[in-house]
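Worksheet: one structure, shown below.
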Amino acid sequence: MDKLVVNGGNPLFGSVEIGGAKNAAVAILPAAIMASEGISVIDNIPDIQDIQRLERIITSLGCKVKRVQNTVEIDSTNLTSVNADTEDGSKMRASYYLIGALLGRFGKAKVELPGGCPIGVRPIDQHIKGFEALGATVKISHGTVEAQADKLIGTNIYFDVVSVGATINLMLASVFAEGTTVLENAAKEPHIVDVANFLNSMGANIKGAGTDVIRIAGVEKLKGCNYSVIPDQIEAATYMIATAACGGCVTIKNVIPKHLESISAKLIEMGADIKEGDDYVTIESHKNLKGVNIKTLPYPGFPTDAQQPMSTLLSISQGRSIVNESIWESRLKHVDELKKMGANIKVEGTVAIIDGVEKLTGANVKATDLRAGAAMVIAALAAEGVSEISCIEHIDRGYPHIEDKFKELGANIRREKI
């Protein structure tokens, strides 16, 4: 196991290249196995643990998978197995996309109940409701989900709550369904649009992605295609927030600025300077930022995945800030770690009341989940003194080469074996 050792206090300067969106890539790889002809060549795939696990799972199903740097080739023409009941699947949330993909292509699927970050109850009831509405029978037993259908028939599906995962999974399952499927109260995140665009590039007929009503007209088959995944808005947000916390000036390259509007708006409100280009964002910060209130919401609102990094920044900003985590009820576990470094934060349910302190002090802390890990890296970079961050396997699930990228910006950070 590894840990990160950070000697904080350095401002950040330079530029950083953002990789492909984790949340898009972990759905696009399962989508690729739905092609019965041709090879999919997918560019801008991040080199992170969740992707490596998915590559192993779909290889075990009979696909041929080849990675060259950030490009992954998938040949699913000889895929025969529908049993994705693997240990890798139990360690990541996105393994559930294999249910929709396999059910859509073969009419049956067997997948290990998904794992991922311990940030609260993450039920798949909306997924199951949708699969059953299409005509599938779904059973959950001994940690495994099994779905089966003689034929999937398009229908209208209304999500009781806005769910990114259910929206994507039902898009996958509906691609081959007879007739038209309408998803109402659908999530609108950029990676949902990206998955729909990928499926359409393979021959699907999906309209309305990015709105709250998505229509999928069933097609007979999909063919492999060439595609490039959108940039990762949360990775970009992490480097923006880190620059604001440490001070300095950093250009974040290979981004879609529109996807970062909710982040940029809050950082500007706090006092940071932000300039946007077609595919970059430059942030300049002299620290001494003022606190703000945030509430996490589905896109285009403030993203829950950026809440924990932003909480770190607010802990060293002037005045009081209120953070309302409205998406996941257990996504404030990082607060106890920030307190070890001197943060003044009180948690009431899913609300954090943050009174900014002048500085944080280095300490031994742990990454309790993926985005909490990013929050602790930012805290350590901004703190006075040395910090050690353990449990960084969570960080590796979503941030490629995080220590190398921060080193390039002038941070004193290194990875060590425990």
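Heads up, the Cβ atoms here are built off N, Cα and C, so glycines get one too.
Note that this is a predicted model, so its numbers are computed, not measured.
Pulled from Swiss-Prot:
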| type | residues | note |
| --- | --- | --- |
| BINDING | Lys22, Asn23 | phosphoenolpyruvate binding site |
| BINDING | Arg93, Arg122, Pro123, Ile124, Asp125, Gln126, Asp305, Ile327 | UDP-N-acetyl-alpha-D-glucosamine binding site |
| MOD_RES | Cys117 | 2-(S-cysteinyl)pyruvic acid O-phosphothioketal |
| ACT_SITE | Cys117 | active site, proton donor |
Checklist entry - About how far apart, in whole Å, are the alpha carbons (Cα) of Ile124 (UDP-N-acetyl-alpha-D-glucosamine binding site) and Asn23 (phosphoenolpyruvate binding site)? => result 17
Checklist entry - Expressed to the nearest Å, what is the distance separating Asp305 (UDP-N-acetyl-alpha-D-glucosamine binding site) and Lys22 (phosphoenolpyruvate binding site) at their Cα atoms? => result 12
Item to check | Alpha-carbon spacing, Ile327 (UDP-N-acetyl-alpha-D-glucosamine binding site) to Asn23 (phosphoenolpyruvate binding site), which is rounded to whole Å | outcome: 16
Checklist entry - Could you tell me the C-alpha distance between Lys22 (phosphoenolpyruvate binding site) and Gln126 (UDP-N-acetyl-alpha-D-glucosamine binding site) in angstrom, no decimals? => result 22
Checklist outcome for this item: The sparsest Cβ environment within 10 Å, among the binding-site residues Lys22, Arg93, is found at Arg93
Next on the checklist: Return only the integer: C-alpha distance in Å from Pro123 (UDP-N-acetyl-alpha-D-glucosamine binding site) to Asn23 (phosphoenolpyruvate binding site).
Outcome noted: 18
Next on the checklist: To see if you understand the setup: which same-chain residues, six or more apart in sequence, place their Cβ under 8 Å from that of Gln126 (UDP-N-acetyl-alpha-D-glucosamine binding site)?
Outcome noted: Phe159, Asp160, Val161, Ser163, Gly165, Ala166
Checklist outcome for this item: Taking only the CA atoms, the spacing between Arg93 (UDP-N-acetyl-alpha-D-glucosamine binding site) and Asn23 (phosphoenolpyruvate binding site), expressed in whole angstrom, is 10
Next on the checklist: Can you give me the Cα-Cα distance between Asn23 (phosphoenolpyruvate binding site) and Asp125 (UDP-N-acetyl-alpha-D-glucosamine binding site) in Å, rounded to a whole number?
Outcome noted: 20
Checklist outcome for this item: Most Cβ neighbours within 10 Å, among the binding-site residues Pro123, Asp125, Ile327, goes to Ile327
Checklist entry - Of these binding-site residues, Asn23, Ile124, Asp305, which scores lowest on Cβ atoms within 10 Å? => result Ile124
Next on the checklist: Please report the three-state DSSP label of Asn23 (phosphoenolpyruvate binding site).
Outcome noted: helix
